[in-house]
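Taken from TrEMBL, the feature domain 'SAM' applies to B:7-70. The transmembrane segment annotation in TrEMBL covers B:132-153, B:179-200, B:212-230, B:277-294, B:301-322, B:328-344.
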Amino acid sequence: MASPEPGNAGDSSTYNLSSGMEDGSVGSGPGTNKTCPVHISDEEEAKRSFRKGIARHNDYVKISVPESKVNHLPTEWWKTVIAFFYAAFNLVLTTVVITVVHERVPPKETSPPLPDKFFDYIDRVKWAFTVTEINGMVLVAIWLIQLFFFKYKSIACRRFFFLIGTLYLYRCVTMYVTTLPVPGMHMNCAPKLQGDTQAKFQRVLQLISGAGLSITNSHLLCGDFLYSGHTVMLTLTYLFIKEYSPKSFWWYHLMCWLLSAVGVLCILVAHEHYTVDVVVAYFITSRLFWWYHTMANLQTLKCSPNNYLTNTWWNPLFNFFERNVQTSVPCSYSWPITWASTCLKNPCKKYSMVQSSREE
Amino acid sequence: MKKVEAWSAEDVFDWLSKEGMPEYITVLRQTDGPALLSLTTADFKVPPLSRVSPDGGEQLLERIEILRIETHIEDHKNGHANGHIGGIPNGTSKPQRNGTLGRKDFEPEMIRIPIPTVEPPRPSFPTEWGKTGIAFIYAIICFVTTTVVISVVHERVPPKEHTPPLPDKFFDLFDRREWAFSICEINGMLLVGLWLIQWILLKHRSIIGRRFFFIVGTLYLYRCITMYITTLPVPGMHFKCSPKLLGNWEAQMRRIMKMIAGGGLSITGSHTMCGDYLYSGHTVMLTLTFLFIKEYSPRRFWCYHWFCLALSAFGIFCILLAHDHYTVDVVVAYFITTRLFWWYHTMANKQSLKETSQSNLLSRVWWYRLFQYFEENVNGTVPRNYQLPLSVRAFHWNRGVKYSRLDTQ
């Protein structure tokens, strides 16, 4: 830019001249970005003269950016559906593995709970696990509501499903290879069904329908200790909520962080998981989240030769999902259903208040 | 730009030709600036303007309007910061701005926008042995902490009669082989030896050494945490754990010293303590040395890489075959080691990841400041150059031909 000051003055003066045009172009469709006030579309005949006049002015230089017809953030709902099936498959696999592992858990009489530092200091509190599950459900609900109003839901959803699926897949592996004993004598494990496949199948269904929560009485199986699925959900929903909401909502982020932290702490207070389960779950969740999002946000990483972030096994899946996403997803919200805005009295005005896209 | 009010007939003539309205030139030959500004639609209804104007003067009047606005903006800019259209301050002069050529008339010439040329930083690899020293001390602290924690945890391991080994899928499939753990340790020592030799021959050994110490230190620090918080029982009944020294600090200190001296290997007889299962330190060393060897050796040495991979993989397999660690210990160790190694090296290789920004989520790890401290002066990917260490070179006499093949810096 030649100098910042004339640019600003020019922009604001042009903005005043073309303020009527601004509202008109914003309402032109859900997919268009906010029109830059300096670069007016050619259909605006009446304003073209202003533009030419300004352009001829000494200090105003029109740097014509070629209008890119490519949408940098395509919705591609079919990829989101594939991600959903991936997550669903992994969740079902997890329930099957839990059922299998349950048969192998040593009975608590022969294999007492392992020594755990947290359990030495804090005794068990009975209602703590309910707090965890309520916090988890609240966080998931908040995230779903936030997703509902998010402009780029398909992309955010896709990422959420992929990460959840991969984390539960890892969990299958760690649960299956080594079976930890129950963390406390209070745990009531359902009786073992040696070889009764029909009953096992029913158990799997029961677990899926109750989402593995003890509130819904579907958390009767033991052995799924390393690592903690509750921690994964609490941490992941918090990370997503924080990442896809405006940075200025610090009170909102704090509230969600408190929900998440209290939930995780209550898992330990309830003696439902060993401390190492929670620590490993937090570690794997946060690292995977940051890894994925850095790769998705920094386009230069995709073509860089010395990028070891692509050495993971899920890199082809990542490329498939994020190939056409060319910028980092901006934090913008809008009414999900377009007719909702027309029902309001002054649609353009309200729309411009809600549509506050902030390029991060 | 001269104000329109100050335009002479000549300026008007120039402007009309530029605007592409030559039809008015003849008629408005004697018009100067103020007269131009005072033109109205009424003037275009009567000759001579009505004869030459195709559209009743609409276009010309529009252009004049723009001129007027531009003058207002121009004057307004001179006096005010915000650009809202206000009155015209009299007698304000236009200050020179960066990049605009001073011009008297309204010629849209080329405008020079000086863009400060940012040269890409040239790759630089300063040695900075001080930082390597700090990394070394960090690694030593982590090793010592690990030994202390092992000693503490040993007191808490439940006796194997009381808590039998946990069910493990690998142990179900493969029975224990006694010789396996020695193989694992021999492989480990071979790999560490190979890595040491390779490191000595590297040109940028200070930077690479720093990285190795930092990553090893951090991995052992994580290991301290996971070992300490939950204690797993011994994986097999074959284990001989040394007796517990309840509260006898002196004996515990001696035990710690013995372990450090022996490197924690059972070949040296210092691996007598139990409880350090999650996660496996042997796997960490095997994996990490292989990753470093592969990273800092020429690409075309594929034979060498395959050999080291075989050593590493077989070593890890032997840990499990010896029933010395649970499978989950080995899996978690492999996962954490590889992820940390790739994370660190990707950040070190890309300049854009060395700054915290909204899109760089890799910077949210707790060790990011330490990483920045170590890698701030390293620009670019460290090349795989080799150079004999100084002490050997000093004794090199008259070996001109051989010397020139290596890097002589």
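Heads up, residue numbers simply count up from 1 along the chain you see.
Positions of Cβ are set from backbone N, Cα and C atoms, glycine also.
Within the same chain, residues 168, 211, 214-215, 218-219, 222, 226, 232, 277-281, 283-284, 287-288, 291-292, 316, 319-320, 362, 365, 371 sit at least 6 positions outside the transmembrane segment (B:328-344) and bring their C-beta atoms closer than 8 Å to a C-beta of that stretch. Stretch with the largest number of CB pairs closer than 8 A to the transmembrane segment (B:301-322), among B:132-153, B:179-200, B:212-230, B:277-294: B:179-200.
Tertiary neighbourhood of the transmembrane segment (B:179-200): same-chain residues 208-209, 212, 265-267, 282, 285-286, 289-290, 292-293, 296-297, 308, 311-312, 314-316, 318-319, 321-322, 324, 389, selected by CB-CB distance under 8 Å and a gap of 6+ residues from either end. Only residues 6 or more beyond the boundaries of the transmembrane segment (B:277-294), in the same chain, are considered here, and those with a CB under 8 A from a CB of the stretch are 146, 184-185, 187-188, 191-192, 194-195, 198, 208, 212, 215-216, 219-220, 223, 226-227, 230, 232, 235, 264, 304-305, 308-309, 311-312, 315-316, 319, 324-326, 328-330, 332-334, 336-338, 341. The predicted model assigns the domain 'SAM' (B:7-70) a mean pLDDT of 80. The DSSP breakdown of the domain 'SAM' (B:7-70), given as helix, strand and coil counts, is 41 helix, 0 strand, 23 coil.
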